[in-house]
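Here the structure comes first, spelled out in structure tokens, and everything after it is commentary.
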2 protein chains.
Amino acid sequence: MGEFGLIQRHFAQLGPLASDIRLGVGDDCALLAPPSGCWQAISVDTSIAGRHFLADADPWAIGWRALAVALSDLAAMNAKPSGFTLALTLPEVEDCWLADFSAGLRSLSEKAGCPLIGGDTTRGPLSATVQVMGWCQPEHVWRRDGAQSGDLLVVTGSLGSARGGLQQMQAINTRQRGERWSWTPLMQAYMLPEPPYAVRDAWSSQPGVHAAIDVSDGLLADCRHLLEASGVGALIQDDSLPIEADLEILLGQNQAREAALSGGDDYVLLCAVAPDQLETLTRLWPATVVIGECTESLGIKLASGRSWIQEGFNHFL
Amino acid sequence: MGEFGLIQRHFAQLGPLASDIRLGVGDDCALLAPPSGCWQAISVDTSIAGRHFLADADPWAIGWRALAVALSDLAAMNAKPSGFTLALTLPEVEDCWLADFSAGLRSLSEKAGCPLIGGDTTRGPLSATVQVMGWCQPEHVWRRDGAQSGDLLVVTGSLGSARGGLQQMQAINTRQRGERWSWTPLMQAYMLPEPPYAVRDAWSSQPGVHAAIDVSDGLLADCRHLLEASGVGALIQDDSLPIEADLEILLGQNQAREAALSGGDDYVLLCAVAPDQLETLTRLWPATVVIGECTESLGIKLASGRSWIQEGFNHFL
């Protein structure tokens, strides 16, 4: 089967039909009709075998994850997904692998309301580049640079689990890596993250979210991006980070805290919110946890007084 | 230098400032404000070292080419470029290579009026995935499926040169490949294609362009895509294809014609146009050449009666 048959079989009409799509896969370009008064948010993420995921992992999960990490950026901007493109590079055409990969992609695509509208398939070392597009209300955009001294820092889910899951995935054999139904909850947190679109839906029209970022590189690293863009500092209550019991059992208390601070791949939101809006936001999203506050003095301080070595993930360090 | 310093040095503010960009590189997403009444055209293309370009080629040209092939798709839809994202995968950080790569990218970006608005840098085998976005008038979209029996088939530039250039590039040594100022015109046609945005600007509001596609896979292959989408056939005047004298000297008449029919990487437009508009279109774009016409009987026939073996490029055949 050639390139065109392959695309046709696995990627035609992947995801929900949406009213703003005038033309999907199959022409030189896809065509979108922007809803009136909206801005478009755009983000792109590349996932490479052996770096962002284990090459022998369940292809269903690889497909899910490639889209999840990109959707997380849309949520962090308060944008509603409208569609995505997929640039997929494959070493060879394996029909079963592709069927599973596209099924995982489709599953999240339907759940998040974000159809595939275009793409490119090429031959080479396995990687997937997903670009997501979404619409947002100009008056409700969550940028990184809006945090103010006195704002509370909140996260919308638990931290560090993905780091524990990665460790567990590395310790099992190829057969188990290929069977996602055998995975522990921590492995699922790493390979099948739920991007934070539900909390963004809950908060989309609320006032009081002054700045937001998704936690992908690690809490400290992403917190620093937000603080530097906003020109403030932070005091982090590192003894009250939301950590799953499973992770503490696996790593012990100290290492679990370290994973929560710098592990990465959490795909929850970190937001700077007005203190007087915390109650409303927590009512709308009960998993909200306050982890610190923004300060006038720059830099990040940990309330415990501990120091840390690694801040987050950097592809080229 | 880490990932963030790298991005800052080479990719911050690449390309012209544009009024529809509300937020560029540096947040979770870029933000675009759609011009009223426009549709958005979107296309994505991956270029892989050793497959779509020679890894030791001049990095300036690699940057130019990665954007050129994507811009060609926008032109084929009659869309005006508004911005692009770059997902760049690098085996290692070489400052000189990146400076040249981004300079080539910047040069075309400025020429085409298409700024970089976001991206992702990762570590791995060298490849560049460019996604371009543009705005088009809904009443002037050039789809593939609008060709009618009796339409003339025209191309907007010469065919086959890139194939000849690739052959020449493969025959020279690494040092010469790295020096774009030493390249022949055919090598330039292959590595530094001029995407057809100028002809699209000239024709953007004209009636009579019933269907269009850019010639990337090869004339016969791309012609077939257009014909199948439109439900018509074609008679191609294969003895009057626009072929550069350099190419005939390099390959001889027969092989030059074959390169023109199936070589690929030409990045000119193939359009089905109303015969009564040909004069106006040719006045606006003098390089327009009629290469055949659309017929009711399906399939492609060559007027010379010749048969052909290879239709075009397929990554997985």
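Keep in mind that glycine also has a Cβ here, set from the backbone N, Cα and C atoms.
Going by TrEMBL, these are the annotated features:
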type    : residues                       : note
DOMAIN  : A:26-134                       : domain 'PurM-like N-terminal'
BINDING : A:D28, A:D73, A:D214           : Mg(2+) 3 binding site
BINDING : A:D28, A:S43, A:D73            : Mg(2+) 4 binding site
BINDING : A:D45, A:D120                  : Mg(2+) 1 binding site
BINDING : A:D45, A:D73                   : Mg(2+) 2 binding site
BINDING : A:H52, A:D265, A:F313          : substrate binding site
BINDING : A:G119, A:D120, A:R144, A:S216 : ATP binding site
DOMAIN  : A:148-297                      : domain 'PurM-like C-terminal'
BINDING : A:D217                         : Mg(2+) 5 binding site
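Sequence-distant contacts of A:D73 (Mg(2+) 3 binding site), defined by Cβ-Cβ distance under 8 angstroms and a gap of at least six in the same chain, are A:S43, A:D45, A:V132, A:D214.
Sequence-distant neighbours of A:H52 (substrate binding site) (same chain, 6+ residues apart, CB-CB distance under 8 A): A:T46, A:R65, A:V69.
Same-chain residues at least 6 positions away in sequence with a Cβ under 8 Å from that of A:D120 (Mg(2+) 1 binding site) are, in sequence order, A:T85, A:L86, A:A87, A:L88. Nearest to A:R144 (ATP binding site) in space, judged by Cα atoms and limited to the binding-site residues A:D28, A:D217, A:D265, is A:D217. The maximum pairwise C-alpha distance among A:G119, A:D120, A:R144, A:S216, the residues recorded as binding ATP, is 31 Å.
Summary for the binding-site residues A:S43, A:R144, A:D214: the Cβ-based neighbour count within 10 Å is maximal at A:S43.
Under 8 angstroms separates the C-beta of A:D120, A:R144 from a C-beta of chain B, among the binding-site residues A:D120, A:R144, A:S216, A:D217, A:D265.
For A:S216 (ATP binding site), the Cβ neighbour count at a 10 Å cut-off comes to 22, with all displayed protein chains included.
When Cα-Cα distances from A:D217 (Mg(2+) 5 binding site) are compared across the binding-site residues A:D28, A:G119, A:D265, the shortest belongs to A:D265. The average pLDDT the prediction assigns to the domain 'PurM-like C-terminal' (A:148-297) is 96. Proximity of A:G119 (ATP binding site) to non-local residues of its own chain (separation of 6 or more, Cβ distance below 8 Å) is seen for A:I7, A:F11, A:V25, A:T85, A:L86, A:A87, A:L88, given in sequence order.
A Cα-Cα distance of 34 Å separates A:D28 (Mg(2+) 3 binding site) from A:D265 (substrate binding site). A:S216 (ATP binding site) is 4 Å away from A:D265 (substrate binding site) when you measure Cα to Cα.
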